Ligand code: GAR
């Protein structure tokens, strides 16, 4: 049985599109059963509709600081679609510790840096300012702290001398679109386990000296 996944977005939805594409494969262990946006104007919604995925809009703005109220409506939508796993794809709203606890080990996020470096806003600018020679993207389990939690998969790219936040973000986005579906595949196929705060993987594809770890592709 394929695991039932909801993708939560707030904007462009390019990671959402990568997950939807990957899940089209007959042997992919998860299916995308809903795309949920907290903004009615998220461009990603149109892409989801074009792919035939049911969409739900739960505007978060009217809830203001009432996170519990927003999450009650969100949880109802997740229940209605019998969602088992959540992938955050540029979802720009913080959760309460209670909601995170409810979904611990079942909710993934992607962030465009090699965490724990450069969490939060403008990770590409932060990386350039720090002068790192490698940056990348991280898929991790969600915990109450922003852009933190057990790391499932990372992919790295070189940082060039003449990179700008825009060029670096484009290069990292390519990695994001590769590793997010693979991290979901690992989780949905039962090949991940949590040991305390660390995530362990079984059945990797071996090493070939490239910078995606663990390697499954
Ligand atoms: C992605 O780069 C994702 O890594 C980032 O937002 C972008 C969303 O793009 N997420 C974070 O910064 C989380 N802190 P997308 O809507 O095209 O997937």
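In case you wondered, yes, glycine gets a Cβ from its N, Cα and C as well.
The shown structure was predicted, so the numbers you read here are calculated from the model rather than taken from an experiment.
In three-state terms derived from DSSP, residue 111 (active site, proton donor) belongs to an extended strand segment. Taking all protein chains in view, 24 other C-beta atoms sit within 10 angstroms of the C-beta of residue 111 (active site, proton donor). If you look up TrEMBL, you'll see 111 marked as active site, proton donor.
On its own chain, residue 15 (N(1)-(5-phospho-beta-D-ribosyl)glycinamide binding site) has 7, 87, 89, 90, 110, 176, 177, 180 as residues at least 6 apart in sequence with a Cβ closer than 8 Å to its own Cβ. Among the features that TrEMBL reports, N(1)-(5-phospho-beta-D-ribosyl)glycinamide binding site is placed at 13, 14, 15.
Counted within 10 Å of its Cβ, the other Cβ atoms near residue 109 ((6R)-10-formyltetrahydrofolate binding site) come to 25, all protein chains included. Residues or ranges marked as (6R)-10-formyltetrahydrofolate binding site in TrEMBL: 67, 109.
Annotation comment: TrEMBL describes 4-184 as domain 'Formyl transferase N-terminal'.
Listed in sequence order, the residues of the same chain lying 6 or more apart from residue 147 (site 'Raises pKa of active site His') and placing their CB within less than 8 Å of its CB are 109, 111, 113, 115, 119, 120, 140. Per TrEMBL, site 'Raises pKa of active site His' is recorded for 147.
Surrounding the centroid of the Cβ atoms of 13, 14, 15, where the record places N(1)-(5-phospho-beta-D-ribosyl)glycinamide, the chain contributes additional residues within 8 Å, namely 9, 12, 16, 17, 18, 44, 47, 89, 90, 177. DSSP classifies residue 14 (N(1)-(5-phospho-beta-D-ribosyl)glycinamide binding site) as helix under the three-state reduction.
Counting only same-chain residues six or more apart in sequence, the Cβ atoms lying under 8 angstroms from the Cβ of residue 13 (N(1)-(5-phospho-beta-D-ribosyl)glycinamide binding site) belong to 7, 35, 42, 43, 44, 45, 47, 48, 89, 90.
Around residue 67 ((6R)-10-formyltetrahydrofolate binding site), the C-beta neighbours below 8 angstroms that are at least 6 residues distant in the chain are 94, 95, 96, 99.
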